[in-house]
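As given in TrEMBL:
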- 42-62: transmembrane segment (TRANSMEM)
- 53-295: domain 'G-protein coupled receptors family 1 profile' (DOMAIN)
- 74-97: transmembrane segment (TRANSMEM)
- 117-138: transmembrane segment (TRANSMEM)
- 159-179: transmembrane segment (TRANSMEM)
- 185-212: transmembrane segment (TRANSMEM)
- 233-261: transmembrane segment (TRANSMEM)
- 273-297: transmembrane segment (TRANSMEM)
């Protein structure tokens, strides 16, 4: 198994005829178009590291009552989404190894059903990850621009409804994607959702940093000390901007891959780009590895709780 099976559905363009695709592959087969041969051990190692990191983040948020707030609940859900990516990967690898070595003997129909379940898990985790990044950005925006009304706007009940709605929508959308993955309409919806969330977060962050710049300019001109609460909120905005940047770098090539599948499935350049699909999958896994590190280094309270969790100071 050379790639993550849950994403193998999107590895090759299906909207090109076999002959045209073969000719394009031949035309783009030279030089750097050979792709990358990434060993399964690397997928497995990164998956295990990410799984442990995100488990620690979830444990820290559950342990510390000071972190029992909507913001950290959203972060906890984001960590769970990242965990689902890695659990799907590890489960798929284990499943394939057991089949290859004859430990498990199943009929083809059952294998297809198992594969569909894993496909749905990883697609659901992606949609939920992107959704929670957007929700966290909106939460930070409310914290900064409506600080006095934050607790009345972002109540625990609304946070729970938001989280439940995202998980439900992610499950439904992933089911539709797996069922109709050969449809360009479905792919365009997925790409549109990705672009919409990116634009939403960029607009919110630009507005937040415009406020930060104005706030710091006012402080320097009036020679007054900074407001602690707002300073902490702006620090949180920086953290979320780093998360957005990491997400875009890690997921951007995969979505560019989807765009090329829709727009130019037989073009030699596009076919050459498709050969690096394994690299795009590694970047996706790296996103779930990097996110917990950002939480630990940017949040002093979470960093302290993580230290207690690691040293078993319950």
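In case you wondered, yes, glycine gets a Cβ from its N, Cα and C as well.
Remember, TrEMBL labels are computer predictions, not curated facts.
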>> I need to check the long-range neighbours of the transmembrane segment (185-212): which residues 6 or more away from its ends have a CB within less than 8 Å of a CB in the stretch?
In response: 10, 127, 130-131, 133-134, 137-138, 140-141, 144-145, 176-177, 234, 237, 240-241, 244, 248, 251, 255, 258-259, 261-262
>> I'm checking region-level scores; what's the whole-number mean pLDDT for the domain 'G-protein coupled receptors family 1 profile' (53-295)?
In response: 80
